[in-house]
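J.: The structure is given below, and queries will be raised subsequently.
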């Protein structure tokens, strides 16, 4: 058996998320189906760095699996790509030792969130951005982002349904860049871990701050109250991209 | 009756082209359905500047129609947009006099064609570019584009099925810009008219020139021979955008 680490991109629009589901099209399902073909009928389990929800995209999701037999990393890349649908692309393939684990070895992750600030929904962006056609002060958002940096209890920003007890996470960087050419506001968050829906809830809260409907330092209060009801909104899946996963 | 001129954008991916077809989803069909609703049951005929094929996009398609009653142009824009699916956007609305005709009044049109030059198909570009993962000399393409300028017989570049006898058209400008950041080559063509599939055939020929499989001045020969078989290829619909339509 040889362990392979792959870095993959996918357009999440037509997937029911990353995780394998019976009868639904998922990224893990598509990958395992390809490996089943390559091994002529052996079940190969794919492990991802984490799940992504339906409609969420990836520019640099990382997976690993154990393959019966050894083929050069580059041949593995070509073989899998030849079996991938057009909405999944394997960008990089590496042979790693058996201590590497795509999920348990994660040190940091970077998520990107794209907001289309145009008045009307742009037909070409509807699956690839969240849409916020309201007043936004990017300055206020910049101030608020500073409050996110560091170690905090993100209980207010975790969707119910998660089973994780410890909701303390560390955010290393949180940025927003507004591009006036395409009227897009692009957020990036790098942290040691993210709770279920956390980025989408953070973005919804940041947009409310930018719109003036929340105090610029509302994050400080939300860390204290530890109450999901207080953060309310969840930005749409379509704007979210898993950009990069970092290991040791 | 009041005549309205609308400028619209659409993502052509999920349309069976512009022109109304029974039981198939088309841009004209979607617009006429909205107007049918607004007029509480009157059939309003929509006239476009020209058809676009299945999968072809528009950034600035122009249409006109006669509406029973008069509402301010801006209200028309809001009313129609509120009835549009997310893949169609009305960008501009004007009241015009009865001499305006979206099709017969066209003076010039600009088409854009986007080519993704990456080795693998980018999951995010598959519906929005043509894909050409082969060697390309942009210099050769620039030389060839100059041969297109002016009045020529484009018989070699018209798909069979067209009924137009006169295949002489004038190209005012033809450009190609390569962007190394996203590895895209973007063509733009402005002319007084374009035959059926003409832009897609021109692009396929230009890519063969850039790849070195045709002489850089092959257009001069193709204008002479007037033979569709000689031009061969047709670039995919997904890369084509009707960018702008010009009137008097």
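Using the three backbone atoms N, Cα and C, a Cβ is placed for every residue, glycine included.
I grabbed these lines from TrEMBL:
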type: ACT_SITE; residues: A:53; note: active site, nucleophile
type: BINDING; residues: A:111; note: substrate binding site
type: DOMAIN; residues: A:8-104; note: domain 'Pseudouridine synthase I TruA alpha/beta'
type: DOMAIN; residues: A:144-247; note: domain 'Pseudouridine synthase I TruA alpha/beta'
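How buried are these features, and what lies next to them?
T.: In the three-state DSSP reading, residue A:53 (active site, nucleophile) counts as coil.
Spatially close to residue A:111 (substrate binding site) yet at least six residues away along the chain are A:188, A:189, A:194, A:199, A:240, A:241, A:242, A:243, judged by Cβ distances under 8 angstroms.
Over the domain 'Pseudouridine synthase I TruA alpha/beta' (A:144-247) the predicted model carries a mean pLDDT of 94.
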J.: What does the DSSP secondary structure composition of the domain 'Pseudouridine synthase I TruA alpha/beta' (A:144-247) look like, as residue counts for helix, strand and coil?
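T.: Residue counts in helix, strand and coil order: 36 helix, 33 strand, 35 coil.
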J.: According to DSSP, does residue A:111 (substrate binding site) fall in a helix, a strand, or coil?
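T.: Where residue A:111 (substrate binding site) sits, the three-state DSSP reduction gives strand.
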